[in-house]
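Among the features that Swiss-Prot reports, domain 'Pyruvate carboxyltransferase' is placed at 5-268. According to Swiss-Prot, the Mn(2+) binding site annotation covers Asp14, His202, His204, Asn239, on the basis of sequence analysis. The region 'Regulatory domain' feature in Swiss-Prot is assigned to 395-514; the stated evidence is sequence analysis.
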Amino acid sequence: MTDKLIIFDTTLRDGEQSPGASMTKEEKIRIAKHLERMKVDVIEAGFAASSNGDFDAIHTIAGLVKDSTICSLARANDKDIQRAADALKPANSARIHTFIATSPLHMEKKLRMTPDQVFEQARLAVRFARKFTDNVEFSPEDGSRSDLDFLCRVLEAVIAEGATTINIADTVGYGVPELYGNLVKTLRERIPNSDKAIFSVHCHNDLGMAVANSLAGVKIGGARQVECTINGLGERAGNTSLEEIVMAVKTRKDYFGLDVGLDTTQIVPTSKLVSQITGFVVQPNKAVVGANAFAHASGIHQDGVLKARDTYEIMRAEDVGWTANKIVLGKLSGRNAFKQRLQELGVSLDSETELNAAFMRFKDLADRKSDIFDEDIIAIVSEESAFAQEQEHYKFVSLSQRSETGEQPQAKVVLALDGKEVTGEARGNGPVDATFNAIEGEVGSGSELLLYSVNAITTGTQAQGEVTVRLSKSGRIVNGVGTDPDIVAASAKAYIAALNKLHSKDDKLNPQRS
(Lines of atoms letter the chains of each structure in order from A and count residues from 1; the text may use other names and numbers.)
(Lines give C-alpha, C1' and ligand atoms only; values in the text may rest on other atoms or scores of the structure.)
Protein backbone atom coordinates (compact mmCIF):
# COMPACT_ATOMS: atom_id res chain seq x y z
CA MET A 1 0.00 0.00 0.00
CA THR A 2 1.33 3.42 -0.95
CA ASP A 3 2.43 5.72 1.86
CA LYS A 4 1.31 8.79 -0.10
CA LEU A 5 -2.11 10.37 0.25
CA ILE A 6 -3.48 11.56 -3.09
CA ILE A 7 -5.22 14.93 -2.93
CA PHE A 8 -8.12 15.22 -5.37
CA ASP A 9 -9.44 18.79 -5.50
CA THR A 10 -13.00 19.29 -6.71
CA THR A 11 -13.38 23.02 -6.01
CA LEU A 12 -14.03 23.66 -9.70
CA ARG A 13 -16.75 21.00 -9.90
CA ASP A 14 -18.40 20.11 -6.59
CA GLY A 15 -17.36 23.38 -4.96
CA GLU A 16 -18.94 25.35 -7.77
CA GLN A 17 -22.28 23.66 -7.04
CA SER A 18 -22.61 25.86 -3.95
CA PRO A 19 -25.39 28.40 -4.72
CA GLY A 20 -23.78 31.61 -5.94
CA ALA A 21 -20.33 30.08 -6.47
CA SER A 22 -20.64 29.69 -10.24
CA MET A 23 -17.37 30.67 -11.90
CA THR A 24 -16.46 31.91 -15.35
CA LYS A 25 -13.96 30.00 -17.47
CA GLU A 26 -11.29 32.59 -16.72
CA GLU A 27 -11.89 32.30 -12.97
CA LYS A 28 -11.63 28.51 -13.17
CA ILE A 29 -8.34 28.81 -15.04
CA ARG A 30 -6.87 31.11 -12.39
CA ILE A 31 -7.84 28.72 -9.60
CA ALA A 32 -6.54 25.71 -11.57
CA LYS A 33 -3.16 27.42 -11.98
CA HIS A 34 -2.99 28.01 -8.24
CA LEU A 35 -3.89 24.37 -7.54
CA GLU A 36 -1.13 23.27 -9.90
CA ARG A 37 1.31 25.60 -8.13
CA MET A 38 0.23 23.96 -4.86
CA LYS A 39 1.06 20.57 -6.46
CA VAL A 40 -2.43 19.14 -6.10
CA ASP A 41 -2.41 15.60 -7.52
CA VAL A 42 -5.79 15.61 -9.30
CA ILE A 43 -7.90 18.61 -10.33
CA GLU A 44 -11.53 17.87 -11.16
CA ALA A 45 -12.03 20.76 -13.55
CA GLY A 46 -15.75 20.31 -14.10
CA PHE A 47 -18.49 18.24 -15.66
CA ALA A 48 -17.98 18.35 -19.43
CA ALA A 49 -21.49 17.27 -20.38
CA SER A 50 -23.22 19.87 -18.21
CA SER A 51 -22.67 22.82 -20.57
CA ASN A 52 -20.56 24.07 -23.45
CA GLY A 53 -18.97 26.50 -21.00
CA ASP A 54 -17.86 23.74 -18.65
CA PHE A 55 -16.56 21.68 -21.58
CA ASP A 56 -14.54 24.67 -22.79
CA ALA A 57 -13.15 25.34 -19.30
CA ILE A 58 -12.03 21.72 -18.87
CA HIS A 59 -10.51 21.64 -22.37
CA THR A 60 -8.58 24.87 -21.75
CA ILE A 61 -7.36 23.83 -18.30
CA ALA A 62 -6.31 20.44 -19.70
CA GLY A 63 -4.08 22.27 -22.18
CA LEU A 64 -2.62 24.73 -19.67
CA VAL A 65 -2.04 22.62 -16.55
CA LYS A 66 0.75 20.09 -17.04
CA ASP A 67 1.81 18.99 -13.56
CA SER A 68 -1.56 17.79 -12.21
CA THR A 69 -3.94 15.14 -13.51
CA ILE A 70 -7.04 16.80 -14.99
CA CYS A 71 -10.36 15.07 -14.40
CA SER A 72 -13.90 15.47 -15.71
CA LEU A 73 -17.03 14.09 -14.10
CA ALA A 74 -19.38 12.00 -16.25
CA ARG A 75 -22.60 10.18 -15.57
CA ALA A 76 -22.53 6.46 -16.33
CA ASN A 77 -23.58 6.76 -19.96
CA ASP A 78 -21.68 6.81 -23.24
CA LYS A 79 -22.67 10.37 -24.17
CA ASP A 80 -21.31 11.90 -20.96
CA ILE A 81 -18.15 9.80 -21.05
CA GLN A 82 -17.46 10.68 -24.69
CA ARG A 83 -17.91 14.36 -23.86
CA ALA A 84 -15.48 14.08 -20.94
CA ALA A 85 -12.93 12.29 -23.10
CA ASP A 86 -13.14 14.99 -25.78
CA ALA A 87 -12.69 17.77 -23.21
CA LEU A 88 -9.64 16.05 -21.73
CA LYS A 89 -7.80 15.46 -25.02
CA PRO A 90 -5.13 18.18 -24.46
CA ALA A 91 -4.20 16.87 -20.98
CA ASN A 92 -0.78 15.43 -20.18
CA SER A 93 -2.54 13.24 -17.63
CA ALA A 94 -6.31 12.71 -17.83
CA ARG A 95 -8.88 10.95 -15.67
CA ILE A 96 -12.53 10.21 -16.35
CA HIS A 97 -14.67 10.09 -13.20
CA THR A 98 -17.95 8.28 -13.82
CA PHE A 99 -20.70 7.63 -11.30
CA ILE A 100 -24.15 6.22 -10.69
CA ALA A 101 -26.28 6.04 -7.55
CA THR A 102 -26.34 2.71 -5.69
CA SER A 103 -28.53 3.35 -2.64
CA PRO A 104 -32.05 1.83 -2.66
CA LEU A 105 -33.58 5.29 -2.23
CA HIS A 106 -31.73 6.81 -5.18
CA MET A 107 -32.20 3.80 -7.46
CA GLU A 108 -35.94 3.66 -6.86
CA LYS A 109 -36.91 7.33 -6.50
CA LYS A 110 -34.38 9.15 -8.67
CA LEU A 111 -33.08 6.74 -11.29
CA ARG A 112 -36.17 4.51 -11.41
CA MET A 113 -33.88 1.60 -12.15
CA THR A 114 -33.54 -1.89 -10.69
CA PRO A 115 -30.30 -2.91 -8.95
CA ASP A 116 -29.47 -5.20 -11.89
CA GLN A 117 -29.87 -2.31 -14.32
CA VAL A 118 -27.61 -0.09 -12.20
CA PHE A 119 -25.05 -2.89 -11.94
CA GLU A 120 -24.94 -3.32 -15.70
CA GLN A 121 -24.80 0.40 -16.43
CA ALA A 122 -21.92 0.92 -13.99
CA ARG A 123 -19.95 -1.95 -15.50
CA LEU A 124 -20.46 -0.83 -19.09
CA ALA A 125 -19.66 2.80 -18.25
CA VAL A 126 -16.24 1.90 -16.87
CA ARG A 127 -15.58 -0.37 -19.84
CA PHE A 128 -16.39 2.48 -22.23
CA ALA A 129 -14.28 5.01 -20.27
CA ARG A 130 -11.28 2.68 -20.47
CA LYS A 131 -11.31 3.12 -24.25
CA PHE A 132 -10.05 6.67 -23.72
CA THR A 133 -7.76 6.43 -20.68
CA ASP A 134 -6.37 3.88 -18.27
CA ASN A 135 -7.09 6.31 -15.41
CA VAL A 136 -10.77 5.76 -14.59
CA GLU A 137 -12.50 6.56 -11.31
CA PHE A 138 -15.87 5.15 -10.32
CA SER A 139 -18.14 6.56 -7.60
CA PRO A 140 -21.22 4.82 -6.19
CA GLU A 141 -23.32 7.90 -5.44
CA ASP A 142 -24.85 7.78 -1.95
CA GLY A 143 -22.49 4.90 -1.24
CA SER A 144 -22.69 5.37 2.52
CA ARG A 145 -26.42 4.53 2.43
CA SER A 146 -26.13 1.63 -0.02
CA ASP A 147 -26.72 -2.05 0.68
CA LEU A 148 -23.32 -3.54 1.52
CA ASP A 149 -23.70 -6.74 -0.50
CA PHE A 150 -24.88 -4.85 -3.58
CA LEU A 151 -22.11 -2.27 -3.18
CA CYS A 152 -19.48 -5.03 -3.04
CA ARG A 153 -20.95 -6.64 -6.16
CA VAL A 154 -20.91 -3.37 -8.15
CA LEU A 155 -17.41 -2.37 -7.07
CA GLU A 156 -15.94 -5.79 -7.81
CA ALA A 157 -17.43 -5.58 -11.31
CA VAL A 158 -16.17 -2.08 -12.12
CA ILE A 159 -12.67 -2.93 -10.88
CA ALA A 160 -12.74 -5.98 -13.16
CA GLU A 161 -13.66 -3.63 -16.03
CA GLY A 162 -10.63 -1.45 -15.28
CA ALA A 163 -11.58 1.18 -12.69
CA THR A 164 -8.34 2.26 -11.01
CA THR A 165 -9.89 4.45 -8.30
CA ILE A 166 -12.97 3.57 -6.24
CA ASN A 167 -14.51 6.59 -4.53
CA ILE A 168 -16.91 5.96 -1.64
CA ALA A 169 -19.29 8.92 -1.69
CA ASP A 170 -21.00 10.10 1.49
CA THR A 171 -23.18 12.27 -0.72
CA VAL A 172 -25.52 13.69 1.92
CA GLY A 173 -23.09 13.82 4.86
CA TYR A 174 -24.87 10.97 6.64
CA GLY A 175 -21.76 9.12 7.80
CA VAL A 176 -20.09 9.20 11.19
CA PRO A 177 -16.35 8.58 11.48
CA GLU A 178 -16.18 5.07 12.95
CA LEU A 179 -18.96 3.68 10.75
CA TYR A 180 -17.70 5.37 7.59
CA GLY A 181 -14.11 4.30 8.21
CA ASN A 182 -15.24 0.73 8.80
CA LEU A 183 -17.35 0.81 5.63
CA VAL A 184 -14.26 1.56 3.56
CA LYS A 185 -12.30 -1.09 5.47
CA THR A 186 -15.01 -3.72 4.95
CA LEU A 187 -15.24 -2.99 1.22
CA ARG A 188 -11.50 -3.37 0.80
CA GLU A 189 -11.55 -6.65 2.75
CA ARG A 190 -14.61 -8.21 1.08
CA ILE A 191 -13.98 -7.29 -2.56
CA PRO A 192 -11.60 -9.92 -4.00
CA ASN A 193 -9.89 -7.57 -6.47
CA SER A 194 -9.79 -4.47 -4.24
CA ASP A 195 -5.99 -4.48 -4.43
CA LYS A 196 -6.27 -3.49 -8.10
CA ALA A 197 -7.68 -0.05 -7.24
CA ILE A 198 -6.96 2.87 -4.94
CA PHE A 199 -9.85 3.58 -2.58
CA SER A 200 -10.95 7.19 -2.18
CA VAL A 201 -13.24 9.11 0.17
CA HIS A 202 -15.65 11.91 -0.74
CA CYS A 203 -17.56 13.39 2.19
CA HIS A 204 -20.07 16.18 2.64
CA ASN A 205 -20.38 18.31 5.75
CA ASP A 206 -24.11 18.23 6.52
CA LEU A 207 -23.46 17.05 10.09
CA GLY A 208 -20.13 18.86 10.40
CA MET A 209 -18.11 15.65 10.07
CA ALA A 210 -16.73 15.75 6.51
CA VAL A 211 -13.10 16.10 7.58
CA ALA A 212 -13.45 13.61 10.45
CA ASN A 213 -15.15 11.07 8.18
CA SER A 214 -12.49 11.49 5.51
CA LEU A 215 -9.67 11.01 8.01
CA ALA A 216 -11.43 7.93 9.39
CA GLY A 217 -11.69 6.59 5.85
CA VAL A 218 -7.95 7.04 5.55
CA LYS A 219 -6.88 5.73 8.97
CA ILE A 220 -9.45 2.99 9.59
CA GLY A 221 -10.43 2.18 6.02
CA GLY A 222 -7.09 2.43 4.26
CA ALA A 223 -8.24 4.96 1.65
CA ARG A 224 -5.36 6.65 -0.14
CA GLN A 225 -7.20 9.45 -1.89
CA VAL A 226 -9.26 12.25 -0.34
CA GLU A 227 -11.63 14.36 -2.42
CA CYS A 228 -11.87 17.88 -1.05
CA THR A 229 -12.31 21.57 -1.84
CA ILE A 230 -10.57 24.81 -0.93
CA ASN A 231 -12.23 26.36 2.14
CA GLY A 232 -14.62 23.38 2.24
CA LEU A 233 -16.63 25.05 -0.52
CA GLY A 234 -19.62 23.04 -1.68
CA GLU A 235 -23.39 22.83 -1.83
CA ARG A 236 -25.47 22.75 1.36
CA ALA A 237 -22.97 22.66 4.28
CA GLY A 238 -19.97 22.15 2.02
CA ASN A 239 -17.36 19.48 1.32
CA THR A 240 -14.27 18.16 3.03
CA SER A 241 -11.82 21.04 3.48
CA LEU A 242 -8.53 20.53 1.60
CA GLU A 243 -6.51 22.68 3.96
CA GLU A 244 -7.74 20.82 7.05
CA ILE A 245 -7.07 17.37 5.56
CA VAL A 246 -3.59 18.27 4.35
CA MET A 247 -2.46 19.93 7.56
CA ALA A 248 -3.99 17.21 9.76
CA VAL A 249 -2.05 14.52 7.89
CA LYS A 250 1.17 16.56 7.84
CA THR A 251 0.94 17.72 11.46
CA ARG A 252 0.01 14.25 12.75
CA LYS A 253 2.29 12.19 10.53
CA ASP A 254 3.13 10.26 13.69
CA TYR A 255 -0.47 8.99 13.65
CA PHE A 256 -1.36 8.75 9.96
CA GLY A 257 2.07 7.74 8.67
CA LEU A 258 1.39 9.28 5.26
CA ASP A 259 3.09 11.80 3.02
CA VAL A 260 1.28 14.63 1.24
CA GLY A 261 3.10 16.10 -1.73
CA LEU A 262 1.54 19.56 -1.61
CA ASP A 263 3.37 22.86 -1.27
CA THR A 264 1.48 24.01 1.80
CA THR A 265 2.77 27.59 1.54
CA GLN A 266 0.26 28.02 -1.30
CA ILE A 267 -2.74 27.15 0.88
CA VAL A 268 -3.58 30.63 2.19
CA PRO A 269 -3.03 32.44 -1.14
CA THR A 270 -5.28 29.91 -2.88
CA SER A 271 -7.87 30.18 -0.11
CA LYS A 272 -7.95 33.95 -0.53
CA LEU A 273 -8.27 33.64 -4.30
CA VAL A 274 -11.21 31.23 -4.07
CA SER A 275 -12.89 33.46 -1.49
CA GLN A 276 -12.39 36.54 -3.65
CA ILE A 277 -13.72 34.87 -6.81
CA THR A 278 -16.75 33.20 -5.24
CA GLY A 279 -17.57 35.91 -2.71
CA PHE A 280 -17.74 33.32 0.07
CA VAL A 281 -15.95 34.98 2.99
CA VAL A 282 -13.82 32.67 5.13
CA GLN A 283 -15.02 32.71 8.74
CA PRO A 284 -12.37 34.18 11.07
CA ASN A 285 -12.15 31.04 13.24
CA LYS A 286 -11.86 28.66 10.26
CA ALA A 287 -9.04 26.16 10.84
CA VAL A 288 -5.78 26.88 8.98
CA VAL A 289 -7.05 29.70 6.72
CA GLY A 290 -9.24 31.81 9.04
CA ALA A 291 -7.91 35.22 10.06
CA ASN A 292 -7.82 34.10 13.72
CA ALA A 293 -6.27 30.67 13.06
CA PHE A 294 -2.93 31.78 14.49
CA ALA A 295 -4.13 34.64 16.73
CA HIS A 296 -3.72 34.51 20.51
CA ALA A 297 -5.83 36.83 22.68
CA SER A 298 -5.35 35.19 26.07
CA GLY A 299 -2.51 36.72 28.07
CA ILE A 300 -1.38 33.26 29.20
CA HIS A 301 -1.30 32.03 25.61
CA GLN A 302 0.52 35.14 24.38
CA ASP A 303 3.15 34.75 27.10
CA GLY A 304 3.65 31.11 26.21
CA VAL A 305 4.00 31.77 22.49
CA LEU A 306 6.53 34.53 23.12
CA LYS A 307 8.63 32.11 25.18
CA ALA A 308 8.24 29.14 22.85
CA ARG A 309 5.89 29.04 19.86
CA ASP A 310 5.16 25.35 20.19
CA THR A 311 3.51 25.89 23.58
CA TYR A 312 0.29 26.89 21.81
CA GLU A 313 1.01 26.50 18.08
CA ILE A 314 1.07 23.06 16.46
CA MET A 315 1.69 24.53 12.99
CA ARG A 316 3.71 27.49 11.79
CA ALA A 317 1.65 30.20 10.11
CA GLU A 318 4.28 30.69 7.43
CA ASP A 319 4.11 26.98 6.51
CA VAL A 320 0.57 27.44 5.20
CA GLY A 321 1.26 30.77 3.49
CA TRP A 322 0.43 33.37 6.11
CA THR A 323 2.70 36.41 5.83
CA ALA A 324 3.10 39.47 8.00
CA ASN A 325 0.81 42.33 6.95
CA LYS A 326 3.67 44.42 5.62
CA ILE A 327 3.62 47.66 3.68
CA VAL A 328 5.28 46.68 0.42
CA LEU A 329 4.74 49.49 -2.09
CA GLY A 330 3.75 53.14 -2.27
CA LYS A 331 2.96 55.86 -4.77
CA LEU A 332 6.63 56.28 -5.71
CA SER A 333 7.04 52.60 -6.58
CA GLY A 334 7.65 51.92 -10.26
CA ARG A 335 6.35 49.35 -12.71
CA ASN A 336 9.32 47.01 -12.24
CA ALA A 337 8.87 46.97 -8.46
CA PHE A 338 5.18 46.22 -8.96
CA LYS A 339 5.95 43.41 -11.41
CA GLN A 340 8.59 41.93 -9.10
CA ARG A 341 6.17 41.89 -6.17
CA LEU A 342 3.59 40.11 -8.31
CA GLN A 343 6.18 37.43 -9.09
CA GLU A 344 7.06 37.08 -5.40
CA LEU A 345 3.35 36.60 -4.63
CA GLY A 346 3.09 33.91 -7.30
CA VAL A 347 0.67 36.01 -9.35
CA SER A 348 0.86 35.94 -13.13
CA LEU A 349 -0.93 38.05 -15.73
CA ASP A 350 -1.41 36.76 -19.24
CA SER A 351 -0.25 39.82 -21.16
CA GLU A 352 1.61 43.12 -20.94
CA THR A 353 -1.72 44.83 -21.52
CA GLU A 354 -3.14 43.28 -18.34
CA LEU A 355 0.05 44.15 -16.43
CA ASN A 356 -0.10 47.77 -17.57
CA ALA A 357 -3.78 48.05 -16.67
CA ALA A 358 -3.15 46.54 -13.22
CA PHE A 359 -0.22 48.91 -12.67
CA MET A 360 -2.36 51.93 -13.55
CA ARG A 361 -4.98 50.79 -11.02
CA PHE A 362 -2.20 50.37 -8.47
CA LYS A 363 -0.98 53.94 -9.09
CA ASP A 364 -4.53 55.24 -8.78
CA LEU A 365 -4.96 53.41 -5.48
CA ALA A 366 -1.58 54.64 -4.21
CA ASP A 367 -2.68 58.23 -4.82
CA ARG A 368 -5.72 57.63 -2.61
CA LYS A 369 -4.21 55.29 -0.01
CA SER A 370 -0.73 55.90 1.39
CA ASP A 371 0.14 52.32 2.36
CA ILE A 372 -0.25 49.45 -0.11
CA PHE A 373 -0.26 45.89 1.24
CA ASP A 374 0.03 42.51 -0.46
CA GLU A 375 -3.71 42.00 -0.04
CA ASP A 376 -4.34 45.25 -1.93
CA ILE A 377 -2.16 44.07 -4.81
CA ILE A 378 -3.90 40.70 -5.00
CA ALA A 379 -7.31 42.40 -5.06
CA ILE A 380 -6.20 44.76 -7.83
CA VAL A 381 -4.85 41.95 -9.97
CA SER A 382 -7.86 39.71 -9.38
CA GLU A 383 -10.29 42.42 -10.42
CA GLU A 384 -8.20 43.57 -13.38
CA SER A 385 -7.75 40.01 -14.62
CA ALA A 386 -11.50 39.50 -14.46
CA PHE A 387 -12.11 42.75 -16.36
CA ALA A 388 -9.60 41.82 -19.05
CA GLN A 389 -10.82 38.29 -19.61
CA GLU A 390 -14.60 38.67 -19.33
CA GLN A 391 -16.73 40.50 -21.84
CA GLU A 392 -18.27 43.41 -19.98
CA HIS A 393 -21.78 44.26 -21.09
CA TYR A 394 -22.03 46.80 -18.27
CA LYS A 395 -19.09 48.90 -17.08
CA PHE A 396 -18.82 51.22 -14.08
CA VAL A 397 -17.69 54.74 -15.04
CA SER A 398 -18.34 57.08 -12.11
CA LEU A 399 -20.45 57.70 -9.02
CA SER A 400 -21.56 60.80 -7.14
CA GLN A 401 -23.79 61.12 -4.09
CA ARG A 402 -25.71 63.68 -2.12
CA SER A 403 -27.07 63.23 1.37
CA GLU A 404 -28.74 65.67 3.74
CA THR A 405 -30.03 65.07 7.24
CA GLY A 406 -33.67 64.09 7.19
CA GLU A 407 -33.72 63.24 3.47
CA GLN A 408 -33.09 60.03 1.59
CA PRO A 409 -29.61 59.89 0.01
CA GLN A 410 -29.42 60.42 -3.74
CA ALA A 411 -26.97 58.65 -6.07
CA LYS A 412 -25.93 59.42 -9.62
CA VAL A 413 -24.22 56.57 -11.45
CA VAL A 414 -22.64 56.72 -14.90
CA LEU A 415 -22.48 53.35 -16.68
CA ALA A 416 -21.28 52.19 -20.07
CA LEU A 417 -23.72 49.77 -21.72
CA ASP A 418 -21.83 48.08 -24.54
CA GLY A 419 -19.65 51.18 -24.76
CA LYS A 420 -22.46 53.76 -24.65
CA GLU A 421 -22.59 55.90 -21.51
CA VAL A 422 -25.88 56.28 -19.65
CA THR A 423 -26.65 58.05 -16.38
CA GLY A 424 -28.97 56.80 -13.67
CA GLU A 425 -30.21 58.78 -10.67
CA ALA A 426 -32.24 57.50 -7.73
CA ARG A 427 -32.89 57.81 -4.02
CA GLY A 428 -32.83 55.02 -1.48
CA ASN A 429 -32.72 54.00 2.16
CA GLY A 430 -29.02 54.74 2.43
CA PRO A 431 -26.26 55.46 -0.10
CA VAL A 432 -25.82 51.84 -1.20
CA ASP A 433 -29.55 51.33 -1.76
CA ALA A 434 -29.69 54.57 -3.74
CA THR A 435 -26.74 53.44 -5.86
CA PHE A 436 -28.30 50.06 -6.63
CA ASN A 437 -31.61 51.75 -7.47
CA ALA A 438 -29.82 54.10 -9.87
CA ILE A 439 -28.14 51.17 -11.62
CA GLU A 440 -31.35 49.17 -11.84
CA GLY A 441 -33.19 52.18 -13.21
CA GLU A 442 -30.97 52.05 -16.30
CA VAL A 443 -30.36 48.31 -16.54
CA GLY A 444 -33.74 46.90 -15.51
CA SER A 445 -32.35 43.44 -14.82
CA GLY A 446 -35.30 42.35 -12.68
CA SER A 447 -32.90 40.45 -10.43
CA GLU A 448 -33.29 39.87 -6.70
CA LEU A 449 -30.58 40.87 -4.24
CA LEU A 450 -29.83 37.85 -2.05
CA LEU A 451 -26.66 38.96 -0.28
CA TYR A 452 -24.69 42.11 0.39
CA SER A 453 -21.53 41.88 2.47
CA VAL A 454 -18.52 44.10 3.13
CA ASN A 455 -15.05 42.98 4.13
CA ALA A 456 -11.98 45.13 4.84
CA ILE A 457 -9.04 43.83 2.79
CA THR A 458 -6.47 45.23 5.23
CA THR A 459 -6.51 47.06 8.55
CA GLY A 460 -6.93 50.77 9.25
CA THR A 461 -9.33 53.48 8.14
CA GLN A 462 -7.68 53.67 4.70
CA ALA A 463 -8.30 49.99 4.01
CA GLN A 464 -9.92 48.99 0.75
CA GLY A 465 -13.40 47.64 1.08
CA GLU A 466 -14.25 44.38 -0.66
CA VAL A 467 -17.96 44.06 -1.35
CA THR A 468 -19.77 40.89 -2.39
CA VAL A 469 -23.17 41.07 -4.05
CA ARG A 470 -25.27 37.98 -4.79
CA LEU A 471 -28.10 38.27 -7.31
CA SER A 472 -30.76 35.81 -8.40
CA LYS A 473 -32.81 35.73 -11.57
CA SER A 474 -34.84 32.90 -13.14
CA GLY A 475 -33.16 30.31 -10.94
CA ARG A 476 -29.64 31.53 -11.63
CA ILE A 477 -27.55 32.75 -8.71
CA VAL A 478 -24.36 34.73 -9.28
CA ASN A 479 -21.83 36.62 -7.19
CA GLY A 480 -20.09 39.87 -8.00
CA VAL A 481 -17.09 41.28 -6.16
CA GLY A 482 -15.84 44.88 -6.18
CA THR A 483 -13.00 46.63 -4.35
CA ASP A 484 -12.38 50.29 -3.65
CA PRO A 485 -11.41 52.50 -0.68
CA ASP A 486 -14.88 54.03 -1.14
CA ILE A 487 -17.35 51.39 0.09
CA VAL A 488 -20.21 52.73 -2.03
CA ALA A 489 -18.05 52.66 -5.18
CA ALA A 490 -16.98 49.12 -4.30
CA SER A 491 -20.66 48.25 -3.92
CA ALA A 492 -21.47 49.64 -7.36
CA LYS A 493 -18.61 47.67 -8.92
CA ALA A 494 -19.75 44.47 -7.21
CA TYR A 495 -23.35 44.94 -8.36
CA ILE A 496 -22.23 45.54 -11.93
CA ALA A 497 -19.90 42.52 -11.84
CA ALA A 498 -22.86 40.36 -10.81
CA LEU A 499 -25.01 41.85 -13.58
CA ASN A 500 -22.34 40.95 -16.13
CA LYS A 501 -22.41 37.34 -14.94
CA LEU A 502 -26.20 37.28 -15.18
CA HIS A 503 -25.92 38.59 -18.71
CA SER A 504 -23.73 35.63 -19.67
CA LYS A 505 -25.61 33.06 -21.73
CA ASP A 506 -23.64 30.12 -20.30
CA ASP A 507 -26.42 28.49 -18.28
CA LYS A 508 -25.62 25.09 -16.83
CA LEU A 509 -27.62 21.94 -16.58
CA ASN A 510 -28.30 20.59 -13.12
CA PRO A 511 -26.17 17.41 -13.04
CA GLN A 512 -26.52 14.44 -10.80
CA ARG A 513 -24.15 14.84 -7.91
CA SER A 514 -21.69 12.58 -6.15
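Just so you know, glycine gets a Cβ as well, placed from its N, Cα and C.
Remember, it's a predicted structure, so these values are computed and weren't measured experimentally.
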### Message
In the three-state scheme derived from DSSP, which category covers Asp14 (Mn(2+) binding site)?
### Response
coil
### Task
Let me know the DSSP-derived helix, strand or coil state of His202 (Mn(2+) binding site), please.
strand
### Query
So how many of the residues in the region 'Regulatory domain' (395-514) end up helix, strand or coil by DSSP?
30 helix, 51 strand, 39 coil
### Query
Given the model, what does the mean pLDDT over the domain 'Pyruvate carboxyltransferase' (5-268) come out as?
97
### Message
Return the count of C-beta atoms lying within 10 angstroms of the C-beta of Asp14 (Mn(2+) binding site), excluding that atom itself.
### Response
25
